[in-house]
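Colleague: First the structure, which I've put down as structure tokens, then a few questions once you've had a look.
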Amino acid sequence: MADPAGLGREMLEAARRGDAVRLRALIAEAGDLEDVCDERGRTPLYMACQNGHDAVVRLLVEAGADVDKARTDIGATPLLIACQKARDAVVRLLVEAGADVNKARTDNGATPLCIACQKGHDAVVRLLVEAGADANKATPSDCATPLCIACQKGHDAVVRLLVEAGADANKATPSDCATPLCIACQNGHDAVVRLLVEAGADVNKARMIDGATPLLIACQEGHEAVRVSSGECTVA
């Protein structure tokens, strides 16, 4: 039902509203969920995930909904939208149902973990890494790793989770060859700097694009709270 009508349209609307009773009746009547979507390829499961209706998500999964079926316009899966919206319970349901935690959007290559890191949703990040999400998988569009993204945003709880999950604290972005530590220093995130140094980040590894070290970057940006010298980092 590429242009949903009748039962398909009703199913999409019931999922969006979180009306599990009505949706259960519609599923029984239709007997098949496979081709139900709107003009952008959003399925009932996607609608339910977007709006945080975990009871409806459970119902759809039990009815055989494809947990990895992505939107046709941007390639976002139900898991991706659940991560973006910080729907913890929904993320857990999808992961338990076998959703691919590393399946990226088709338009920019962002993974569920990248999106959760960008938004600072630490509970979602924990669920994803425990389910096997690749903590070092970079986005093709800008080659930023989940750790680089979290460092840029200053999400220290997320940074801690990532380094504990094995994220490489010295992996630089190919675009400007900046390490996570360089990024944290540039943005003045002193708590993140401390976490990275404790995780073994090289305090002398320079940004290859201009040769700037983390210390030089912090000085250039005027971040007095970040002091990096002689292989040590202290936060004022």
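Glycine residues also receive a Cβ, built from the backbone N, Cα and C atoms like all the rest.
Not my notes, these are from TrEMBL:
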type	residues	note
REPEAT	40-72	repeat 'ANK'
REPEAT	74-106	repeat 'ANK'
REPEAT	108-140	repeat 'ANK'
REPEAT	142-174	repeat 'ANK'
REPEAT	176-208	repeat 'ANK'
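What's the neighbourhood like for these features in this structure?
Modeller: Taking the repeat 'ANK' (40-72) as a whole, pLDDT averages 97 in the prediction.
Within the same chain, residues 77, 79-80, 82-84, 86, 88, 91-92, 95, 101-102, 146-150, 153, 155, 157-158, 161-162, 165-168, 171, 173 sit at least 6 positions outside the repeat 'ANK' (108-140) and bring their C-beta atoms closer than 8 Å to a C-beta of that stretch.
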